Amino acid sequence: MSQAFNLVLFTEIKQAQNVKTGNDKEPNSKLRAIVRISERSSKKTPRATPRDDFVYTWNSTISLKLRSQLKLPLIQISVWDKQAHRSVYVGEVRFFLIGLLKSLAYNEHTSSWESTPQWYQLYSSEDKKSFSSGTILVQFRVQQHLSKKNLFFNAKSDVTLSDQTGSSDLLNQYIQAIETSTPRSLQKKAFDLSNPNEQRFYPDIETNALASSILDCEIDSMLEDFTYRKPNITESSLHDDTLTDTDFESIHSDPTIPSSALVPKRILFIEILSVTDLPPYKSFTRATFDMDPFVVISFGKRTYRTSWRKHTLTPVFNERLAFEVCDYEKNYDLQFSVLDKDKFSFHDQVATGFVSVSELLEEKTTDKPCTDFKPTSSNLILLDKPMNANESADNLLDTKKKKYKRNVNTDATLQGGLLRKYELVMSLDGKKNWSRKTKDEYIPILKFNTRFERYEILRRQLWMHLLQGNDTQMKGTLDLIELNYFVDCLGSNLSDKTLASFFEYYDKNPWVGETLTIEQVIDSLERLVFKRQCANTHENYIINIDTCPLCGQGRLSLRQDLDILKHLSICASRDWSTVNKVLKPSFVSSKAATRRWYSRLLIKLTFGQYTLGGNSANILIQDRDTGYILEEKMNIHVRLGIKLLYKSFDKANSRKIKTLLRKLSIRQGIKFDSPSSVSQIPSFIKFHKLDVDDCLLQLDEYKTFNEFFYRKLKPGSRPQEDENNSNIATSPADCRCTVFESITFAKTFWIKGRNFTTKKLFGSFYSREMADLYDECSIGIFRLAPQDYHRFHSPVTGTVGKVQSISGEYFTVNPMAIRSDLDVFGENVRCLLPIQTKEFGRVLVVPVGAMMVGSIILSVKENQEVKKGDELGYFKFGGSTLLVLFPNKRFKFDSDLLANSNNKIETLIKVGMSIGHTPEEPQFERHYRSFEEEPVDQQLRIIRCITGGSTFEESKQATQRRNELLGNEGSPQEKDLQVENLSWEAKNMNLEELEENESLLLYDLVNDGT
């Protein structure tokens, strides 16, 4: 991100006077100043000796590169007395970086932002606690710096520095970027650390950058380990640029996603109890069975794995996990997989089961909590009687054994709620050729308990427990002094005025000793939490601790106080005495959980880090329908080539590489337009496991490979969500999408190309009118992989404007290239296709060609009326991208797409899915359909997507072969009774529609001993 700005902070240390040195006996002390930014980079000045008037003069300028990802946005200038064998600390001055940058003024003559020289008082840090005196004269200047690389690449143009920066707003763009990338809590901490406390000491950075004091408070056993900091904001300071709390709130602009769908409202607890009736794998010696099972649980972007049990067919786990569920995740499935641990090879898949989270989240009254509840999944069995959380100890361990055989007894007052006990009938892995006897004899059943709670209920239980522990006299009430002591023990900085408002709400006067009941205090705290959630304000924090006293997790003070409350509520709601282990997310995807350590090491060394949102050759995306994390299918040599090519900006931008990619793309396009290219179609389908059922034509009707590549689909195969509502925009393509509320956010999180701007995107067609419309527009990036359907459609209803074509290069649109220094969207071949709409204004669709793309073909003309979902054009062979630009004041993207994009995760969507809406229109709500309600073809698609089974065409051929074998022509021939003749569905699924016919073949094969 810093490479997009190339800003450098020049700090000119001029003089220091009236400084008390480290050794009064040495009149000729030598002082040195060190400038440090967020402990990531620092430089020092030369030594300076005093003049007769004890004035130290440096006149030295220190340059430090400004990065938009800072651990702490803080500038520290410390002064040291250099002696013979050691350096003695003299004092320091600190600056809040964001406030300092906003105080700089732009100088048009030097094309830089400058401050006037000012004297600043030196203070001591709290850990030194030495007497500091004197002042230091400092001046700051920020300027864009062009490195040798930048100068080389811009050598062909006569662009001036001011042209490259765009305008004097570049610094404001950087400030906005750093505010976006730096958590709100860290900005508040940096502001606190830049102000000395009442004793004229700076809060300590070295020992604890996020807390200045540790106060031992004992509310009860829940609070005895809390460490927190007291607020250290002074009312006045000798800094000329000192900022108050109000100033801090006014200079901060925290971009948020204004949607309740992103706020987790509930927590789901799952206890993995046991698995029964696992099939015996034969060991290497064939003398006994080999089964060391463990369970992998996948939900959305989270994957958990239990510990493994040695040599057993009925493992008992007794392990618990908890995860948040957002509104947009209610339609996701919860996947359970049982695997057999192998020491040297891949872990073997044994059985798989799926449960809809919406079934587990159904709320019931306390009178009849579960008797009328019937899960829709046929393989999910809910036991008749629900259990209380405290009664679940019969199925779990009674106590938790820790080190040195010490029993830990936990108070279970927070363990309310009912546990539902389920038995999930799992399917044996379809990729293994189980015998009919094995399938009939072994039916694995996973036993687990679930309980879900809403966050507000967990918080109220937490408040009740803490307040009861603080009520030492058992009065059940608190006055203002007791309430103030309680919030101080939590590390809160709530003012007396805020606490007094708790009493005023109930018409009570806190200043005459009137009290509130514990329930009234809880209601007041919940009103405060609700107010902060709605207004998204962070003026005060309710709780601030460093370490959780229950699970021991540290660095909690890096989070917002509401996040700390969530963490404590979850920890407090767990019954630690009844479980062996609490699971934490361990893997990126369920596929990664099956790999051995050396496989993961090889993938990391070859393709890069295997992580969600990582900039590597491992492309992981999230399926919007199911929530599963999928790994994009790509040839190994292509994956390695992209990594080697685009990890180096010099190579990718060289003239040879550009020429090579252009020739390769044109040559490949000509090759796939030839009739001989038809032979490539079957291998392409087989490698990418494509579903060809939706194709409008049969495979033998395509004359060239390109005709198949930009194939049309059958009518109705891509239905439009809320088709008659023109206030909702839909996806223009089957693609992997990322969306952002502005170009600035897109450059911060995703597009890392040097100097990417809308001006460069529009090329010679850039105008003032387009600048006003699109300079700060909402942008959607829809990337099409080679295996996707390559026709693109209109996302809105409107009139097509004048289409402009822009020639360019043929760089790949792979995420690794987009997140490199290369400006792919500003240099690749592209078209500008405007659509004038009533609801959204002027929407701009930009088809961008990429590597191997022969051409971009448009199907619409100027002034043509298009409806949402109408075809606009198609790409010939290769990867490609669609950019869709909306005026941000008239459009909002869907919250789930924004959440993934801000985490640098692409979302897999299809044509017709909702992507956004007008500000007045509510977000389109997707409804869950159970697996059993889907038609058979759709069930096959879902399982193919998850398991990576064979293609549908192969399945059809196998089915036809089966009908021939079992048709009216007589009994099948023995030579035809081979396992290869079975369809993929028969090998991988246990559908009732296929079981009867396929079982005949399986039975005969078993009897024949094949």
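Each Cβ is built from the backbone N, Cα and C atoms, and glycine gets one as well.
For 1-114, the entry in Swiss-Prot reads domain 'C2 1'.
Look at Swiss-Prot and you will find 247-370 tagged as domain 'C2 2'. This prediction places the mean pLDDT of the domain 'C2 2' (247-370) at 74.
Cβ neighbour count for Asp348 (Ca(2+) binding site): 19 (other Cβ atoms within 10 Å of its Cβ, all protein chains included). In the three-state DSSP assignment, the secondary structure recorded for Asp348 (Ca(2+) binding site) is strand. Residues annotated as Ca(2+) binding site in Swiss-Prot, with sequence analysis given as evidence: Asp342, Ser345, Asp348.
The domain 'EF-hand' feature in Swiss-Prot is assigned to 458-493.
The active site, schiff-base intermediate with substrate feature in Swiss-Prot is assigned to Ser880; the stated evidence is sequence analysis. Ser880 (active site, schiff-base intermediate with substrate) carries a strand DSSP state (E or B).
The annotation pyruvic acid (Ser) is assigned in Swiss-Prot to Ser880.
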For this session: Determine, to the nearest whole angstrom, how far the Cα atom of Asp348 (Ca(2+) binding site) is from the Cα atom of Ser880 (active site, schiff-base intermediate with substrate).
Result: 37
Exercise. How big is the gap, in Å, between the Cα of Asp342 (Ca(2+) binding site) and that of Ser880 (active site, schiff-base intermediate with substrate), rounded to a whole number?
Worked result: 41
Exercise. Under the DSSP assignment, what numbers of helix, strand and coil residues are found in the domain 'EF-hand' (458-493)?
Worked result: 23 helix, 2 strand, 11 coil
Exercise. 10 Å Cβ neighbour count around Ser880 (active site, schiff-base intermediate with substrate)?
Worked result: 31
Exercise. Per DSSP, how many helix, strand and coil residues does the domain 'C2 1' (1-114) have?
Worked result: 9 helix, 61 strand, 44 coil
Exercise. Within 10 angstroms of the C-beta of Asp342 (Ca(2+) binding site), what count of other C-beta atoms is obtained when all protein chains are considered?
Worked result: 14
